[in-house]
Amino acid sequence: MSSIARTTGMEYSGPAETIYLAEQLWPIRGQLYLGLLGLAIGGYMGLLQALERIGINLYSAHFLKSYYQGLTIHGVLLAFLFTFAFSNSFLSLTTIRGFERPLASTWLAQGAFWTMLAGTVLAAFAILTNQATVLFTFYAPLKASSLFYLGAVFLVLSTWLTSANQLLTLRAWRREHPEEPIPLLGFVSVVPYLMWDLASVGVAILVAVFLLPWSLGIRSYVDPQFDRLLFWFTGHPIVYFWLLPAYVSWYLMIPAQVGGRLFSDGLTRFVFLLFLVLSTPTGLHHQFTDPGMPTVMKTVHLFTTFAVVYPSFITAFTVMAALESGGRARGGRGLLGWIRALPWKDPSVNAQLLAMLVFTLGGATGIVNASYSVNLVVHNTAFVPGHFHMTVGTAVALTAMGVCYWLIPFLSGRELWGRRLALAQAWLWAIGMLVFARGQIAGGLSGMPRRTAIGDAAYLDLFQWSLDNWLTAIGGIVMTTSGLLFFIVMLGTLFFSRPLTAPVEIPVAETVHGARESWPLFDRLGLWFLIAVGLAVVAYVPVILGYLPLNPVSPPIRVY
Amino acid sequence: MRIERYEKIFMALTLVVLLAALATIGVGVFAAEVHLPAPAGRVDPRQIRQTAPFDQPGVREVAPGEYEAVIIARAWAFEPNEIRVPRGSTVRFRVASADVIHGFLVENTNINVMVIPGQVAEVAARFDRPGEYVFLCHEYCGFGHHQMFGKVIVE
């Protein structure tokens, strides 16, 4: 991967071996591999779902009891394991690189790996033995085995350990560098986790106070409506926890990889702080059609949801401007000539450019979902998976794969193997995803429900979903091919590739307007965290007070 | 903090776009009167068959041209799964769950609501065109989720 080293645009200042300690690198590597294993198995389940749509049912051939058991594997491994593990791994590494010092605690770094592994084993055991076919939303009163909830606890705990380690590292850095602005890469690594620390409180209370005791028989009844409130307190901001690692790459790495510069340090901090502050007070837009939630507060959450769209709009401009600066530096001319001049033959760049392109459609469909009464047309229809496969399924997943094209060589010390396969992989993913999303979105607009075994549905013949199902299936098959290529490239790199001739360096962009031109108050992270807590309180306390008393009417029910 | 001119322009324009989008939503709610489901009372799923109106599921005329359809959602059926009304009727659906979370979506209408144990879901639509309108469960409710549907038959 000498191209990365060539295009970093920045001299690397410290001797590598002093900041990347072997005892901190193995948990980073381990979590990445664990996440990729989740991607492989979870992604493969997607193929079974796609084929079910055209009447090919392969579940019993895989020793799975139902479509829904496969769907639970798909959701949990991709939405929780893959994303969390990638985040923990990638943003721990960028914390080291950003602060140019080792993580403050090796114990926490390794603890994050072990808790992630423990959570995975517990949840996987429960799901594979069909004791937790509750999908990744695990809505009560569908009851899963206690092991499943315990697994969820460990997965979240792992992210908290990572966050604690980042904050300790930030504190140590501040002691070593009083009066200096926080390095931008360190800043954007820490802030997503601060956001998540607040956001994850909802699901932590849900599991620890309600579902785990209820699954153990200590608590007899839960209130499904209130449980949904807690779930979605976490359930919307989690999408930014998925997305922000991709933004770290788009803001801080891609500009360097294309030979350009990031425009504004201050605006980048501002965008990440907007996510910290605005991500959490938005969850009710997932509950627009919940009967137990008042419309006044649904309206409040509509506005906050539109507010949190704003930083993504700024991102579209900022990242595009950085790309343009790179394209022009590479000789691109004219209004659009810089686009062709971008290094499309660099697998890492290619994958992430395509991820960005698909994300524009993902973002637009997300605004449709959030648009209050318009939500009635799409809520819980296939439109929604159409949407989020273009966001988390492409913007995040394809960016993560693009990052892997330099990260795996960095971590393994081996050259990227099969560059042309890697290029084809990204194109197939983007094209397959668009075909798939077209099928899902069109189906959803005509009432096709999401999370449903459509190929076996009793009402299938009453609708004209044939084309939609075929597009979904074809898209899924193309994506599976892409996924296969990705893992061939990964395994080829790990096992069949030459050792690197020159070390891969983590690409870090320079800024046109640097940290000294930023606003010093941006670095007061504690203050911004308090503002985020305040907004969450304002957005949720009226909902909770208006809802009480709780309505605990539901015993555990197992109907899968 | 220094913000470049083009950045300022872009940030202002996107704000305009978002406000315009919000305005169109406002038109939908206030001019077209498309409303979201609102709280309509609680019901204990353990006692649902003894609790009015769910002790008598079915459709009845409450005023000329206005009907009330009371439906129990359970794994994996709606009771009743057939609602017959004359064309031009306004039907107010009251749906509640006897067990897990279900969903209730009626095709070609704006009816889309979660059916959550403990809550009464209340939604309404006017049926002007004769024909069959499929309603289905759109929330995963267990092994037979995809079997769960019914029809509004407008005569």
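The backbone N, Cα and C atoms fix where each Cβ goes, and this holds for glycine too.
If you look up TrEMBL, you'll see A:32-51, A:71-91, A:103-127, A:147-170, A:182-210, A:230-254, A:266-288, A:300-323, A:353-374, A:420-441, A:470-496, A:525-548 (among others) marked as transmembrane segment. Per TrEMBL, the feature domain 'Cytochrome oxidase subunit I profile' maps to A:32-497.
A Cβ distance under 8 Å defines the sequence-distant neighbours of the transmembrane segment (A:182-210), meaning residues of its chain 6+ beyond its ends; these are 87, 91, 94-95, 97-100, 140, 149, 152-153, 156, 159-160, 162-163, 166-167, 169-170, 173-174, 219, 222, 227, 229-235, 237-238, 240-241, 244-245, 247-248, 251-252, 265, 268-269, 272-273, 275-276, 279-280, 283, 508, 511, 515, 523, 525, 528-529, 532-533, 536.
When Cβ distances are compared across the two stretches, the transmembrane segment (A:266-288) makes contact with the transmembrane segment (A:525-548), since 3 or more pairs at least 6 residues apart fall below 8 angstroms. Cβ atoms under 8 Å from those of the transmembrane segment (A:470-496) belong to residues 36, 39-40, 43-44, 46-47, 49-51, 53-54, 347, 382, 401, 404-405, 408-409, 412, 414-418, 421-422, 424-426, 428-429, 431-440, 442-443 of the same chain, restricted to positions at least 6 beyond its ends. Over the domain 'Cytochrome oxidase subunit I profile' (A:32-497) the predicted model carries a mean pLDDT of 97. Within the chain, the transmembrane segment (A:147-170) has long-range Cβ neighbours (under 8 A, six or more residues past its boundaries) at 80-81, 84, 87-88, 91-92, 95-96, 99, 101-105, 108-109, 111-113, 115-116, 118-127, 131-132, 134, 138, 182, 186, 189-190, 193-194, 196-197, 200, 203-204, 207-208, 211-212, 215, 241, 525.
Pairs of Cβ atoms less than 8 Å apart link the transmembrane segment (A:230-254) most often to A:300-323, out of A:32-51, A:103-127, A:300-323, A:420-441.
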